[in-house]
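Working notes for the structure below.
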Amino acid sequence: MLKIIIPSIMLIPLTWFSNNKKVWINVTSYSFVINMIALVTLWQVNDITTNFSTMFSTDSLSSPLTMLTIWLLPLMLLASQKHIKNQTDFNKKMYISLLITLQVLLIMTFSANELIMFYILFEATLIPTLIIITRWGNQAERLNAGLYFLFYTLIGSIPLLIALISIQNTLGTLNIMLLSLDSSPQTPTWSSHILWLACIMAFMIKMP
């Protein structure tokens, strides 16, 4: 996993040290190289989990999401060049750096083994996303959109945090690998339905 995360992080100094006229082509071309590395590294044809470390791993569900995230960066760079071509060089590089930061956070989110780490990384994506919406949004209502995005995300994330704490107190772990080994029969109760609603609400709020 480090062979994907570290090159992605190194795109940030590449952005700031590149010539202003070549920053787009440099970052886009190197991000395509990272895409090829990720395609070879994360390609899985079965459901067996690929362990990279005690904190990060991928399976047949997280691998496609991670590859999709990595492929989105060069596509976003290609799609947004015309939109911010009149911006200053500093603003262009800041915009690219925020996109790279967002990609790194999402890669770590989809490959996290601990649910609490997944929660922290998932909510950390709020910061670069909020800055991109409020600073480079195309509509005049971008400030209101950023404000709504912030409050809706916070409202949805608090029940998710409470649900994770409840699961930790009940089962004694939030490790996804260990939770998958729990084969004890579970009888549906009203509290389990509330926990399910609290977990799903944080993701449903971010869908728009």
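The chain as shown is numbered from 1 upward.
The backbone N, Cα and C atoms fix where each Cβ goes, and this holds for glycine too.
Annotation source Swiss-Prot lists transmembrane segment at 23-43 (among others).
Per Swiss-Prot, the feature transmembrane segment maps to 60-80 (among others). Here the transmembrane segment (60-80) has long-range neighbours at 4, 8, 24, 27-28, 31-32, 34-35, 38-39, 42-44, 46-47, 50, 95-96, 99-100, 103, 106-107, 110-111, 136, meaning same-chain residues at least 6 beyond its ends whose C-beta is under 8 angstroms from one of its own.
According to Swiss-Prot, the transmembrane segment annotation covers 93-113 (among others).
What Swiss-Prot records for 114-134 (among others) is transmembrane segment.
Residues or ranges marked as transmembrane segment by Swiss-Prot: 147-167 (among others).
Nonlocal intrachain contacts for the transmembrane segment (188-208), taken as residues 6+ away from its ends with a CB within less than 8 angstroms of a stretch CB, comprise 122, 152-153, 155-157, 159-160, 162-163, 166-167. According to Swiss-Prot, the feature transmembrane segment maps to 188-208 (among others).
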Task: Stretch with greatest number of CB pairs under 8 Å, the transmembrane segment (147-167) reference, 23-43, 93-113, 114-134 candidates - done: 114-134
Task: Beyond the flanks of the transmembrane segment (114-134) by at least 6 residues, Cβ under 8 Å - done: 55, 95, 98-99, 101-102, 105-106, 108, 142-143, 145-146, 149-150, 153, 157, 160-161, 164, 167-168, 174-176, 179, 202
- [ ] Grab the same-chain neighbours of the transmembrane segment (23-43) for me: Cβ-Cβ under 8 Å, and only residues 6 or more beyond its ends, written as numbers and ranges.
- [x] 1, 3-4, 7-8, 11, 14-15, 50, 58, 63, 66-67, 70-71, 73-74, 77-78, 81, 89, 92-93, 96, 100
